[in-house]
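**Q** Sharing a structure, written as structure tokens. Questions coming.
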Amino acid sequence: MSSSPLSKKRRVSGPDPKPGSNCSPAHSVLSEVPSVPANGMAKNVSDADIDEGLYSRQLYVLGHEAMKRLQTSSVLVSGLRGLGVEIAKNIILGGVKAVTLHDQGTAQWADLSSQFYLREEDIGKNRAEVSQPRLAELNSYVPVSAYTGPLVEDFLSDFQVVVLTNSPLEDQLRVGEFCHSHGIKLVVADTRGLFGQLFCDFGEEMILTDSNGEQPLSAMVSMVTKDNPGVVTCLDEARHGFESGDFVSFSEVQGMIELNGSQPMEIKVLGPYTFSICDTSNFSDYIRGGIVSQVKVPKKISFKSLPASLAEPDFVMTDFAKYSRPAQLHIGFQALHHFCAQHGRSPRPHNEEDAAELVTIAQAVNARSLPAVQQGSLDEDLIRKLAYVAAGDLAPINAFIGGLAAQEVMKACSGKFMPIMQWLYFDALECLPEDKEALTEDKCLPRQNRYDGQVAVFGSDLQERLGKQKYFLVGAGAIGCELLKNFAMIGLGCAEDGEIVVTDMDTIEKSNLNRQFLFRPWDVTKLKSDTAAAAVRQMNPHIRVTSHQNRVGPDTERIYDDDFFQNLDGVTNALDNVDARMYMDRRCVYYRKPLLESGTLGTKGNVQVVIPFLTESYSSSQDPPEKSIPICTLKNFPNAIEHTLQWARDEFEGLFKQPAENVNQYLTDPKFVERTLRLAGTQPLEVLEAVQRSLVLQRPQTWADCVTWACHHWHTQYSNNIRQLLHNFPPDQLTSSGAPFWSGPKRCPHPLTFDVSNPLHLDYVIAAANLFAQTYGLTGSQDRAAVATLLQSVQVPEFTPKSGVKIHVSDQELQSANASVDDSRLEELKATLPSPEKLPGFKMYPIDFEKDDDTNFHMDFIVAASNLRAENYDIPPADRHKSKLIAGKIIPAIATTTAAVVGLVCLELYKVVQGHRQLNSYKNGFLNLALPFFGFSEPLAAPRHQYYNQEWTLWDRFEVQGLQPNGEEMTLKQFLDYFKTEHKLEITMLSQGVSMLYSFFMPAAKLKERLDQPMTEIVSRVSKRKLGRHVRALVLELCCNDESGEDVEVPYVRYTIR
């Protein structure tokens, strides 16, 4: 997904402000953050029993409290075919207390279609016993055991959650009744070919602590009326985002102090900036200020038992285009259970006799259903299709339903997120051939091989086609691992002339293990692509997978060249950034290859399918850009912890990376100063002053010098600069209109006084001094006592605020000031910088920020720097966990969402491989497992454009053969003439990449020179780059006029040169 972590700030009540101003008392609110010494630093650790290194990304989805509840829950998973193993995998990765695997059956050939922890040599062995050691490897914190006896009541009593998969209805009803009456939460999951079913019963009194998982919202108050009800108006900088029925609390309100610290109150939204609260008519008059924060109030929800809900079901929709289908499938699945009980088997694949019988049974089930459930008209065609595919077992369907079911288990354990209430049905009938006559019973008969479960649905022809596919998988992270697993199960690229190429340049880290399930602890530091490829070969030894370690981009186009792409059947993205996604999208459009795109963000996920000449591309629509924080807010007027964390990240770069890089360039590049002077605004001054500081004014010789520097810098940032700001804008300052300057989003700061006994102050000095020492190659220290002793001898110069110092209140002011340059100061700097010749062999060591290493002082510095600044402005601080999320721009992630999303991707893959050509056969998908919400839509058709009577889309282009029959290349003049005669288009501008090759306003002399030059020669000269031997064609962009002189939009040109 293209979005970044949703990290809206929640405010908590702070100290009452002084009457008549927005200034808060000069004391700290940091006592709310626990400090636990670890690794020599005071770190905020929420719970020592949670391995934050392993569960890092999942903790940002669930939170510590939900995670703790998860760790006290034992879960039974009954049925270890493809669906059961998917659910077990996800909840083991999630970190429940213990998992017991139950199955009394033995592995059959058809199980290998989706059960990725069964091998061919396991045929005939108990599924639970074979799977147990392989599942146990996923998470050393979760004991996994196997049980092969009957599901008796004494055994069931040991579990908090019971999951039944692929079980008879008789067993479901018996177990369901027992679980409901004994407070055991129940999940029933079933998949039949292209159909899936899910049922949840979490008891009559489940406490839901958080229904959506979103960070609580907060907003700044600008007005509260004395009324019944009182109306709250928020600052118009941003919409408040609340909904009617939300509960809120208030803090920092001046005047109407009765609101501060009051019990959470329910609101009614009146508009994007207003809402009503309780009766405020007897409260004090509102003066100014205040923060309103959403409060998540626990609520009780009640479930019916399985027998009761079977008779009177409630449905969660998965596809609003199939509105009546859940009720029809509710009848169909009951009929299927009756059929299986009568015959001891599922209906035979695509057998008309069994399909007719299932329709008859379904009619009988419908007839005896309660009136509210009874279907006036049974969809017999749907029931027949259920019969046709019910014997099938598809890995993608299991991945989707298994991801959902595992998330429901986590909801049952933790009380976090809204459960499915209570039935969910899903189908993917669009995956069947568009030619309804293509499948016959003969084609779907079992072959006694690992793909029998899939052949039962799609026949043997598609299986052969899947094996011959050549696919490029870009990324081997969480989505990449799940894709490879599904590819292995469905047989993609498993025939002699098939292949999957997977590329990923990353190595495995501990935090990956929680959701990138192909990796194990002993794989940490190994290459992802190699390890993932080896792991899926264990799942299906026939898969032909080649691993690369290349980043996709212009620099690897000699590897992923024309030959490479032309041999592909399609591309699947498993990327984590928008730039790489857009690059691969452009390559797929150029080479006209299908692209399967997906992404996740916590419990949210999306799938997009891109089909040549049919759909729009990934880049056709984009998310709006993220709202950036104004520079002046960061520098002088922060009001949220996000502001102080971004400021701390900027500090890190400006202290420990950029100066060192600039010094090294100054010492090695003779043109560095000349190049720096050409930078815009005040940048030349800032860069050269930083170089002078690093080489002359602040260059340390010893560790003690680094401690002194850190102490001085502490005073500059948290005392001196704040005192200067308050000198310029005193607490009682008024604006030109007479309003208090320190009001609204401007929080009045106060300076801090350094105290070596304050853990946070010492944290800052130790982290800053160690990082500063690293940039000079000096050895640091973690000895807190020794550093405290050194600090006692540091002399801090007395600071007196200066008059005439300009502090900019807005970014517009700042930009105006940056336009003027102090040339005399620049000349002085150039003269005083030491000559590189005088510093032979000297170099500095820039530090790249790395958030996941708790021993490198990076996050120690960020947390201390941010929370000290937050203390300056009386902003509630953030613990290390939250700080890492925001400063590290971490994308929350959980295995359940990934599994479900990839299941949907591979359903689209079935359609792509079959060559579906109807737009309504494909489905773009969006889901949010927390709500739960599912939305599917047809992909948008590629937008159509026109010049003259010629229609075109992004998939069309002009094909121009650069080499002429006589072996000579086309010149610019010939190129321009070709378009005039062949297409009646007059080219007004012509470019290749960022290079302008021709324009109507080009100087006559330059134009005359170029007209007779070959096109490739012009490209090389203008771009100052030689064309590589792998380049067979150039992409040229045109601006054109038609014969009437009107500007017309036209496709690009593919200009072939070899």
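Heads up, the Cβ atoms here are built off N, Cα and C, so glycines get one too.
Swiss-Prot lists 1-31 with the feature region 'Disordered'. Summarising the annotation, Swiss-Prot assigns phosphoserine to S4, S13, S21, S24, S810, S816, S820, S835 (among others) and lists similarity to another entry as the type of evidence. Per Swiss-Prot, phosphotyrosine is recorded for Y55, and the stated evidence type is similarity to another entry. The region '2 approximate repeats' feature in Swiss-Prot is assigned to 63-611. Annotated repeat '1-1' per Swiss-Prot: 63-199, in sequence order. Feature annotation from Swiss-Prot assigns repeat '1-2' to 459-611. What Swiss-Prot lists as ATP binding site is A478, D504, R515, K528, D576, N577. Under the heading N6-succinyllysine, Swiss-Prot lists K528. For C632, the entry in Swiss-Prot reads active site, glycyl thioester intermediate. Positions annotated as N6-acetyllysine by Swiss-Prot: K671, K980.
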**Q** Nearest to D576 (ATP binding site) by Cα distance: which of the recorded positions Y55, C632, S810, K980 is it?
**A** Y55
**Q** Validating a neighbour-count step here. Other CB atoms within 10 A of the CB of C632 (active site, glycyl thioester intermediate): how many?
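**A** The answer is 16 other Cβ atoms.
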**Q** Between K671 (N6-acetyllysine) and A478 (ATP binding site), how many Å separate their Cα atoms?
**A** 44
**Q** Return the residues near K980 (N6-acetyllysine), defined as same-chain residues 6+ apart in sequence whose C-beta is under 8 angstroms from its C-beta, sorted by sequence, else 'none'.
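**A** The list for K980 (N6-acetyllysine) reads E986, I987, given in order along the sequence.
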**Q** Would you please pick out, from the recorded positions R515, K528, K671, the one with the fewest other Cβ atoms within 10 Å of its Cβ?
**A** K671
**Q** Quick one: of the recorded positions Y55, C632, S810, S835, which has its CA closest to the CA of D504 (ATP binding site)?
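**A** When the Cα distances are compared, Y55 comes out closest.
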**Q** Determine, to the nearest whole angstrom, how far the Cα atom of the residue listed as 'phosphotyrosine' is from the Cα atom of R515 (ATP binding site).
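**A** That separation, Cα to Cα, works out to 9 Å.
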**Q** Select the most exposed residue of D504, D576, where exposure means the fewest other Cβ atoms within 10 Å, treating these as the binding-site residues.
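**A** Lowest Cβ count within 10 Å among the binding-site residues (D504, D576) is D576.
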**Q** What does the structure give for the C-alpha distance between N577 (ATP binding site) and C632 (active site, glycyl thioester intermediate)? Integer Å is fine.
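**A** Distance (Cα to Cα, whole Å): 28 Å.
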**Q** Helix, strand, coil residue numbers for the repeat '1-1' (63-199) per DSSP?
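**A** Output for the repeat '1-1' (63-199) reads 55 helix, 34 strand, 48 coil.
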**Q** Which ones in the same chain are close to A478 (ATP binding site), with CB under 8 Å and 6+ residues apart in sequence?
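**A** When sequence neighbours closer than 6 are ignored, A478 (ATP binding site) has N512, R515, Q516, A574, T600, A893, A895, T898 within Cβ distance under 8 Å.
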**Q** Kindly assign A478 (ATP binding site) to one of the three DSSP-derived states: helix, strand or coil.
**A** helix
**Q** For the recorded positions Y55, N577, S810, S835, which one has the sparsest Cβ surroundings, going by other Cβ atoms within 10 Å?
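**A** Candidates: the recorded positions Y55, N577, S810, S835. Fewest Cβ atoms within 10 Å: S835.
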**Q** Can you grab the distance from S810 (phosphoserine) over to S835 (phosphoserine)? Cα atoms, rounded to a whole Å.
**A** 39
**Q** How far is it from S835 (phosphoserine) to the residue listed as 'active site, glycyl thioester intermediate', counting Cα to Cα, in Å?
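**A** Just about 36 Å between their Cα atoms.
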**Q** Under DSSP, is the residue listed as 'active site, glycyl thioester intermediate' helix, strand or coil?
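**A** Helix, per DSSP.
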**Q** Let me know the largest Cα to Cα distance in Å among the ATP-binding residues A478, D504, R515, K528, D576, N577, as an integer.
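**A** Overall maximum Cα spacing for these binding residues reaches 18 Å.
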**Q** Could you state the CA-to-CA distance between K528 (ATP binding site) and C632 (active site, glycyl thioester intermediate) to the nearest Å?
**A** 42
